[in-house]
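Visitor: Under the heading ATP binding site, TrEMBL lists Gly11, Pro12, Ser13, Gly14, Val15, Gly16, Lys17, Ser18. Annotated domain 'Guanylate kinase-like' per TrEMBL: 4-182, in sequence order.
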Amino acid sequence: MPRPRLTVLSGPSGVGKSTVVAELRRSHPEVWLSVSVTTRKPRPGEQHGVEYFFAGNDEFDGLVASGELLEWAEFAGNRYGTPRGPVLEKLAAGVPTLLEIDLQGARQVRTTMPDALLVFLAPPSWEELERRLRGRGTEPPDVIARRLEMGRVELAAEKEFDLTIVNTSVKDVCHRLITLMGNSPS
Ligand SMILES: Nc1nc2c(ncn2[C@@H]2O[C@H](COP(=O)(O)OP(=O)(O)O)[C@@H](O)[C@H]2O)c(=O)[nH]1
Ligand SMILES: Nc1ncnc2c1ncn2[C@@H]1O[C@H](COP(=O)(O)OP(=O)(O)O)[C@@H](O)[C@H]1O
């Protein structure tokens, strides 16, 4: 049986990562999408245990202290982390697994799980990235400015990834990802 592949999807805020993950959840239930823990407040429509596990600062501190996170990072004023146990269980059970995490998290996974495939999701252009982030309308202008600043840093790190997919069409991105995840690491 081919080994299942741990795949990481990263890219600047607003590029479409959540949209791609939501489409994968709908169209490819055979892929397991890790649910991260975050100290960020839920956006309208986000459900505890679906998009994220929403946690307080003390709870997050506890998870870090007890080593329950595979990786974690602070991003734009909030903390985010991947629960370790479920990821290892799914991989051991042969289930293709996807983490949608930021650049700092991707770097940690590169070190701790060197077989992982690191995929960078890129916008068609900087202008389109700004348009998407502003168009989403979920953050106030100061938070958008901060995320765009982070976005420049993330875009500069593209070459650290195994490959780049440009998010022009969400369906095409999903198709590429599924194809990649079906191929065992050589
Ligand atoms: N390191 C790490 N980053 C995460 C995790 N979960 C989400 N992120 C990243 O945190 C950043 C902010 O996520 P979010 O607040 O949902 O905003 P959005 O990605 O702009 O919709 C994104 O780059 C996510 O990929 C995680 O478990 N670990
Ligand atoms: N391929 C695409 N074409 C046009 N708009 C897109 C595309 N992918 C995502 N979007 C839109 O861009 C905005 C940001 O997407 P989102 O998934 O929230 O990004 P991220 O999770 O990377 O921050 C959303 O309004 C989303 O509907």
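Cβ atoms are placed via backbone N, Cα and C, with glycine included.
Automatic prediction, not curation, is the source of TrEMBL annotations.
Map the listed features onto the structure and describe their local environment.
Guide: Neighbour density for Gly16 (ATP binding site): within 10 A of its CB lie 23 other CB atoms from the protein chains shown.
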Visitor: In the structure shown, with every protein chain counted, which of the binding-site residues Ser13, Ser18 has the densest set of Cβ atoms within 10 angstroms of its Cβ?
Guide: Ser13
Visitor: For ligand 1, pick out the binding-site residues Gly11, Ser13, Gly16 that have a CB under 6 angstroms away from one of its atoms.
Guide: Ser13
Visitor: For the recorded ATP site formed by Gly11, Pro12, Ser13, Gly14, Val15, Gly16, Lys17, Ser18, which further same-chain residues have Cβ atoms within 8 Å of the site's Cβ center?
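Guide: Near the ATP site, the remaining chain residues are Leu121, Pro123, Leu129, Arg132, Leu133, Asn167.
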Visitor: Are there any residues at least 6 positions away along the chain from Pro12 (ATP binding site) with a Cβ closer than 8 Å to its Cβ? List them or say none.
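Guide: Expected: Pro123, Leu129, Arg147, Met150, Gly151, Glu154, Leu155.
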Visitor: Looking at the binding-site residues Gly11, Gly14, Val15, Lys17, which one has the fewest other Cβ atoms within 10 Å of its own Cβ?
Guide: Lys17
